[in-house]
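**Q** The structure's right below; bear with me while I get my questions together.
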Amino acid sequence: MFIWRIIRTGLKYIWKTINTVRIITLNLVFFFILFMVIGLSGSNISPQSGILVLDIEGVLVDSTNMDPNFYQLSRKLSGNKVDPARENNLFEITQKIDQAATDPNIKGIVLKLDNFDGGSLPSLEYLAKYLKKFKTTGKPIYAYGSSYNQKQYYLASLANKIYLSNFGSVELYGLAANNFYFKSLLDNLKIKTHIFRVGTYKSAVEPYIRNDMSKEAKENTRRWLTSMWKNYLTDISDSRGKPADSLSPNANTLIERLKAVSGNMTEYALENNIVDTVVSDYEFEQEMHSQFKTSDSVSIYDYQLNAKAMQSFEPNSPATHHKPLIAVVFVNGTISQGNSSEMIVGSNSITKQLRALGNDKSVRAVVLRINSPGGSVNGSEEIRSELAALREKDIPVVVSMGEMAASGGYWIATESDYIYSSANTITGSIGIFGILPNFEGTLNNIGINSDGVSTSPLAGVTMTKEIPEQFSQLMQMSVNNGYDNFLSIVSQARNMNYDDVDKIAQGQVWLGEEALKIGLVDEIGDIDNAIQKAATIAGVSDYTVTWQKQEADLFSSILNNYSAILPNTLTQLIYNELPAAKQFKKQITIWNSLNNAQNRYVYCLSCADVK
């Protein structure tokens, strides 16, 4: 016994020593990164005059909590000159463009979009709105790229002149919406999936019961995807003043036109007026110097917003409370119960934020910006209930739909005074499903069996034994009841007949323009329209807009950004070498979010990424 006490005491001191070294090492790394970030933030001061270069890296998002200086650090650690995984706050960028329009020190804009990975069509539309506004001042916009994909070209089409580098190309081929399907994988692993659903078009569960897209799902997806592509072509055609079929002909015509120029993509783009001129990097720089009579330039990342504009992105600043507030709250990602995390909207986090706004006497209205395919029934209802509590306090709620507000995203949108969507917002998907995997076959295959007794067929239901028929009936009734509740919520909120809602529900997905016609939204518009409407309903004319973020103290903010650096750097390297990994990451996030206690979901998995 005495010997064991000595050994235990020795091991305890060894562990304490190891743990102390570990903590010291982590702290040293933490402070090293902290000092680097402080150094980077101090080195961001650059000239604020000349040409404003819109050199966006990565993607456009509605909101991000990542400090820009951490992106610089991530880039240094990865050794890359650009950060393709960077998230760019759409509204900060547009405010900078808006400020530059009246800034006498800014002579014009140059679009350099080679590292721009895009954003949703509604986000591109919103950014384009501010570029058009910039042009009305008489200041020019020029675009230069080694090549242009569809999202890059959408913005480039607004330029006074589009430059393409030697051997460059413009790819305007159309839109596609794809999904992964896992039936064969599940069969091979002997995983049985029990599905409970309502609605002809509720294709959210198809990836788990099919190896391909059903006829009904294809029909629904093709309808809204075709409308979206038509809207895209109309926009670039208007911007360029060229017929849509000359910019993006059908596949056969494209092949014939390319044959005429021996497959030279650069010559094809020039001859068909898709671009205006072909130049080298040096020639472009010389021409810009000639056009603007200056070589000074400032990146969009280095161009500083004025103090008033910056305060709107710091909602807890006392400076924002001199006037009535219109608070913009973001719902970005899959809805789940609990706290928010990357790509997950936690109902606890959102309800806490909404409750704080409801208790703030300065807040006169809330604009809810939704970018969500839905998720948990319970999480969606918790957010909707908190919005109802706001409205009971006479705080109006106006919804602005971004890329999508589908299924659970639409569930929460119903609790509002007015709903705006973009013409290209993906919405609807009013339906519900339940999913229960069973691993009995998988375990049996490797020699593991599960057995026992219970006082009822409904007791002790697990994923390691076949689900009793009575439990299946219970689940289906629960899903049916959830669907009925969903229809009732929409019917009451939109002042529509229950049966009429059922006809446009059943999991069907609608584009914003279609949603307006069938009564799911009130008007086509963007977040600016939503803010103005919220102010009108609240009866205020002189107000401040605050863009809300999840609250965190300084230490937590630094820690969260620090924790994101290494994963972001590693992720960036993986995505560069294996682009498909990005799609798998999204799928894993979806699986992780299917954690509802009742196994019921209002989720639009058919709202696939549009490429």
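Glycine is treated like the rest: Cβ placed from N, Cα and C.
The shown structure was predicted, so the numbers you read here are calculated from the model rather than taken from an experiment.
Annotation source TrEMBL lists active site, proton donor/acceptor at Lys202. What TrEMBL records for Ser407 is active site, nucleophile. Under the heading domain 'Peptidase S49', TrEMBL lists 134-283, 390-540. The annotation transmembrane segment is assigned in TrEMBL to 21-40.
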**Q** If you draw a 10 Å sphere around the Cβ of the residue listed as 'active site, nucleophile', how many other Cβ atoms fall inside it, taking every protein chain shown into account?
**A** 33
**Q** So what's the mean pLDDT when you look at the domain 'Peptidase S49' (390-540)?
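**A** Mean per-residue confidence for the domain 'Peptidase S49' (390-540): 93 out of 100.
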**Q** For the domain 'Peptidase S49' (134-283), how many residues does DSSP put in helix, in strand and in coil?
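**A** Helix/strand/coil tally for the domain 'Peptidase S49' (134-283): 72 helix, 23 strand, 55 coil.
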